[in-house]
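Chemist: Pasting the relevant annotations from Swiss-Prot:
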| type | residues | note |
| --- | --- | --- |
| BINDING | Lys14, Leu15, Ser16, Gly17, Gly57, Arg61, Thr165, Tyr171, Asp174 | ATP binding site |
| BINDING | Gly56, Asp77, Thr138, Gly139, Asn140, Pro141, Phe142, Phe143, Thr144, Thr145 | UMP binding site |
| REGION | 22-27 | region 'Involved in allosteric activation by GTP' |
Amino acid sequence: MSDKNPQYSRILLKLSGEALAGGLGMGIDTSVLDKMSLAIAHLCGLGVQVGIVVGGGNLYRGSQLQKEGLVGRVTGDQMGMLATVMNGLAMRDALERRNINTRLMSALPIGEVTESYSSRNAIRYLKNGDVCIFVAGTGNPFFTTDTAACLRGIEIEAGVILKATKVDGVYDKDPSEHADAKKYDALTFDEVLEQKLGVMDLTAIALCREHNVPLQVFDMNKPNSLLNVIMGENEGTRVFH
């Protein structure tokens with residue numbers, strides 16, 4: 001791959017909380033954080049501009065509390081937004097330990113902890129070579145971090161939205177439960193919507209389709225997978241118009 005150039009100059013990487021938890025199930029697996037920061041630093045070294053949206057499911061899952069009536073949906077979603085801020089802080093410091101200038105930008109104002117999100121500022125930072133981590137989702141309840149990733153990707157004019165998961169692409173059914181699950185190498189947005197494949201939620205998919213921004217789903221735990229995607233190798237599942 002050394003004779004190849006990156007296929008994208010600017011990307012939006014969606015990291016799920018589940019991916020950050022690694023084998024722990026909950027919390028942050030420091031070895032995973034270290035590997036992710038190294039992979040992202042490698043992209044920066046190639047001149048790729050990197051925006052990141054992080055989830056928060058490794059630190060907080062509100063479904064049970066909401067199911068039992070202990071918190072309302074809005075409160076639960078706000079708690080989830082704060083969980084993404086904690087993950088973002090961890091990722092920022094992991095990248096800065098590798099001498100990567102990193103901006104933590106939040107959809108919710110949080111004083112001295114983050115700076116407020118602005119697409120204009122984010123694009124300026126990216127052009128200067130800084131990594132931008134976008135936290136607190138869209139800042140509104142009822143929207144997933146997948147939707148936030150697509151929204152931020154569109155706003156910063158990313159060439160692709162990359163969804164890093166624990167599975168090496170999109171399947172017709174859960175491969176952990178079905179040995180005969182079929183993996184797709186490529187799909188259209190319409191196929192994802194018609195077949196109700198669990199790539200992202202419908203709002204996120206509709207956003208990407210409307211703005212013609214491709215998606216790629218891949219396994220972040222696989223060695224060199226992120227680099228392979230950037231270099232145009234056959235990795236994971238690509239979703240396009």
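From the backbone N, Cα and C atoms, a Cβ is placed for every residue, glycine too.
Each of these features: where is it, how hidden is it, and who are its neighbours?
Modeler: The Cβ of Thr165 (ATP binding site) has Ser16, Glu18, Ala19, Val217, Phe218, Asp219, Met220 as same-chain neighbours under 8 Å, each 6 or more residues away in sequence.
In the three-state DSSP classification, Thr144 (UMP binding site) falls within coil. Its Cβ placed at the centre, Thr144 (UMP binding site) has 17 other Cβ atoms within 10 Å.
Residues 58-59, 221 of the same chain sit 6 or more residues outside the region 'Involved in allosteric activation by GTP' (22-27) yet have a Cβ under 8 Å from a Cβ within it.
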Chemist: Could you state, as a whole number of Å, the largest distance between Cα atoms of any two of Lys14, Leu15, Ser16, Gly17, Gly57, Arg61, Thr165, Tyr171, Asp174, the listed ATP binders?
Modeler: 25
Chemist: Where does Thr165 (ATP binding site) sit in DSSP terms: helix, strand, or coil?
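Modeler: In three-state terms, Thr165 (ATP binding site) counts as strand.
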Chemist: Rank aside, I only need the closest one: which of the binding-site residues Lys14, Gly57, Asp174 has its C-alpha nearest to that of Thr138 (UMP binding site)?
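Modeler: The answer is Lys14.
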Chemist: Can you tell me how the residues of the region 'Involved in allosteric activation by GTP' (22-27) break down into helix, strand and coil by DSSP?
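Modeler: Once the DSSP states are binned, the region 'Involved in allosteric activation by GTP' (22-27) shows 3 helix, 0 strand, 3 coil.
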Chemist: To the nearest Å, how far is the Cα of Gly57 (ATP binding site) from the Cα of Thr144 (UMP binding site)?
Modeler: 11
